[in-house]
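Chemist: I'd like to ask some things about the structure below.
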Amino acid sequence: MAGPVLTLGLLAALVVCALPGSWGLNEEQRLIQHLFNEKGYDKDLRPVARKEDKVDVALSLTLSNLISLKEVEETLTTNVWIDHAWVDSRLQWDANDFGNITVLRLPPDMVWLPEIVLENNNDGSFQISYACNVLVYDSGYVTWLPPAIFRSSCPISVTYFPFDWQNCSLKFSSLKYTAKEITLSLKQEEENNRSYPIEWIIIDPEGFTENGEWEIVHRAAKLNVDPSVPMDSTNHQDVTFYLIIRRKPLFYIINILVPCVLISFMINLVFYLPGDCGEKTSVAISVLLAQSVFLLLISKRLPATSMAIPLVGKFLLFGMVLVTMVVVICVIVLNIHFRTPSTHVLSEGVKKFFLETLPKLLHMSRPAEEDPGPRALIRRSSSLGYICKAEEYFSLKSRSDLMFEKQSERHGLARRLTTARRPPASSEQVQQELFNEMKPAVDGANFIVNHMRDQNSYNEEKDNWNQVARTVDRLCLFVVTPVMVVGTAWIFLQGVYNQPPLQPFPGDPFSYSEQDKRFI
């Protein structure tokens, strides 16, 4: 009798050992079987007791790296950790029954998820790329902290580039459940037995990588509820994380602004070139081409928008307009410089204004003309006396005496070879003969004097036109330089005074930062 009983006992023990979930399982496996097999857990059902109940889902965001902001694509790339928290009453257990296990780490495809996605993503991927484990506590509290690299859309305001700041946001909501099924909120923490919502983007100083182009000014988090949208719509509520970032302009100042300003101010050197220099126009056109190249480079760096003109674009356009005017001025100056009395007449009003009034106002100096001194007058009168004596001498001497005067004196010859010409008996005849002989010389001298007088007048008139061109050059220098300085300062001071707001939201004095917690 004892044999059959012993055999039956051994068979029963083998059957019990063969049953799943009996022996050979650790406490976690036994707990998982208890939750998912024995209690019949269904991940497709919301963790609520009744249909009208809502699931409270709390969110927080930890920023580990602001990777880049591509202005052309209007895309913000960030490396974040998005923290989900909710309560699933079906995943509760008594820790004493399962070896004091208080937390389980489960794959996310085993439990219910609220399906929170980034609405304003820019790559069409709504799901989180890396599905890390879900932490389930014995009270039913569930947390899920998956890492993600988000490419979110960020509208770019290029008005004050490169002294701009941008307001980029990450908008999270559930595309599967409406406001009647889940309630979104900000995650809460406790401090001194008091709880407060995390109304900011969390940044771990040890794990955060600073961006070389942008600095974070504000990082607020806010729950947005739109009462005008029905609750059965997925757009009724969302949790938005705002990143207000300011550009670090040093790179653009060194590589774009300083070269642009230096090239633009080179246009003032055109007015220091001589009026007859044809390179005046060449220099101005070279500056214009350089500005066009910089404008082309900037247009490739910014989005193609017609909403606003960037600050550096305004400066380049201002400089190009000014340089175009300088080119026109150079052509006018060259035209004035090469004018002559035979083609243009310089009126007295223009002469007085450009040769007397403006040069005094512009502090221009003109070489003074040398006045004939008394010595020159004495020299001229003595020369006239010598000429008269020479004419009288030559009229009384015969030609042979004039030719052999020195030889006759040397050989002691006192007798003339030819009889000297006797002066006429009548003075009227003498004057008539002298007049007839000297008339051609006088006419030639008068012609030379008149020609020299006309030539001097011509040259003087031409010099006056040159002086007018020089005065116009100096006047344009005195006009263009202040306009360039004032215009440059006015344009760039707009960017210097373009600062982000002191608070994240206009009209809201709250700073939404760790230093300004709002306890509940």
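Yeah, the Cβs are placed from backbone N, Cα and C, and that goes for glycine too.
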Chemist: C132, C154: which one closes the disulfide with C168 in Swiss-Prot?
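Modeler: Of the listed candidates, Swiss-Prot names C154 as the partner.
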Chemist: Reported as an integer number of Å, what is the Cα distance between N100 (N-linked glycosylation site) and C168 (disulfide bond)?
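Modeler: Cα-Cα distance, N100 (N-linked glycosylation site) to C168 (disulfide bond): 45 Å.
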Chemist: Could you check the glycosylation sites N100, N167, N193 and say which one's CB has the most other CB atoms within 10 Å?
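Modeler: It comes out as N167.
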Chemist: Including all protein chains displayed, how many Cβ atoms other than that of C154 (disulfide bond) lie within 10 Å of its Cβ?
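Modeler: Its Cβ has 22 other Cβ atoms within 10 Å.
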Chemist: Which ones in the same chain are close to C168 (disulfide bond), with CB under 8 Å and 6+ residues apart in sequence?
Modeler: L69, L76, S152, C154, Y242, L243, I244, I245
Chemist: Taking the topological domain 'Extracellular' (25-248) alone, what is its mean pLDDT?
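Modeler: Mean pLDDT, the topological domain 'Extracellular' (25-248): 91.
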Chemist: Fill in the CA-CA distance, N193 (N-linked glycosylation site) to N167 (N-linked glycosylation site), as an integer in Å.
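Modeler: N193 (N-linked glycosylation site) and N167 (N-linked glycosylation site) have their Cα atoms 35 Å apart.
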